[in-house]
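Trainee: Shown below is the structure under consideration.
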Amino acid sequence: MDRNVQVLVRLRPISAAESTAYGQKRCLIQDSSKTLSWTGHPETKFTFDHVACETISQEKLFRVVGLPMVENCMSGYNGCLFAYGQTGSGKTYTMMGELSKDGNELSNDSGLTPRIFEYLFARIKEEEERRREDKLKYICKCSFLEIYNEQITDLLEPSSTNLQIREDIKKGVYVENLMECYVSSVKDVMLLLLQGVANRKMAATNMNSESSRSHSVFTCVIESHWERDSMTHLRFGRLNLVDLAGSERKARALKETA
């Protein structure tokens, strides 16, 4: 990636409820692969790194967003991908999509997260075979946490609540006592995702009957080590995949809390 931070806007198709209430009128028009126009008064144009049209496939979106990030993380850089938007705008569909219950295969509706790991493990296998003489090996470990009401919960061990953020000279910033699971296949990751998603706090709102009220962060640490010139080399990359809670104001969403 050319810059440290990039912004991609994904346009969502008009839903059946919106079509019934408002017809096919749109307040935003896509001008190009990087620009959008607001049709209000005065008309305003916005420029982003990418604008994905409402018909873009999950696979093509991954090629634009996820693939370069995986390559960077395998090279030892940290990456963070997060989806921001109002409830019902397609954040979870974009990040997770449809997860198969057995974790064996992806579908056309699988989101960025499972696609990223499908590509990651394919690339790991490719690199380990290509650099066999260097004895290159990759180790991946994942964690899954939820931030809800300013408290951190381990989604892979839900009994671990109110976890604390610490800072260490070697580790940097980390969450104390957060479970980390070693993974070596897409299926391993998918099963962790299914387990964590089932433990996320959900609540109905007027905007979405299954609206998540929490932020979730799925993290994968990618460690590689190899031998060259009688020395062992180590490299670390960290990939954070974040699904944020809806960005709408609470008063507007009229959430019911028990």
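Every residue, even glycine, has its Cβ placed from backbone N, Cα and C.
Where the annotation comes from TrEMBL, it is an automatic prediction and has not been curated.
Straight from TrEMBL, here's the annotation block:
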type	residues	note
DOMAIN	4-258	domain 'Kinesin motor'
BINDING	Gly85, Gln86, Thr87, Gly88, Ser89, Gly90, Lys91, Thr92	ATP binding site
Trainee: Any same-chain residues 6+ apart from Gly85 (ATP binding site) with CB under 8 Å of its CB? Would you list them in sequence order, or say none?
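Mentor: Listed in sequence order: Lys91, Leu244, Gly246, Ser247.
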Trainee: Once the chains shown are all counted, how many other Cβ atoms turn up within 10 Å of the Cβ of Gly88 (ATP binding site)?
Mentor: 20
Trainee: Please state whether DSSP places Thr87 (ATP binding site) in a helix, a strand or coil.
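Mentor: Thr87 (ATP binding site) sits in coil per DSSP, no helix or strand.
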Trainee: Are there any residues at least 6 positions away along the chain from Ser89 (ATP binding site) with a Cβ closer than 8 Å to its Cβ? List them or say none.
Mentor: Arg12, Gly246
Trainee: What's the most sparsely packed of the binding-site residues Gln86, Thr87, Thr92, counting other C-beta atoms within 10 A?
Mentor: Gln86
Trainee: Please work out the mean pLDDT for the residues of the domain 'Kinesin motor' (4-258).
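Mentor: Averaging the confidence scores along the domain 'Kinesin motor' (4-258) gives 86.
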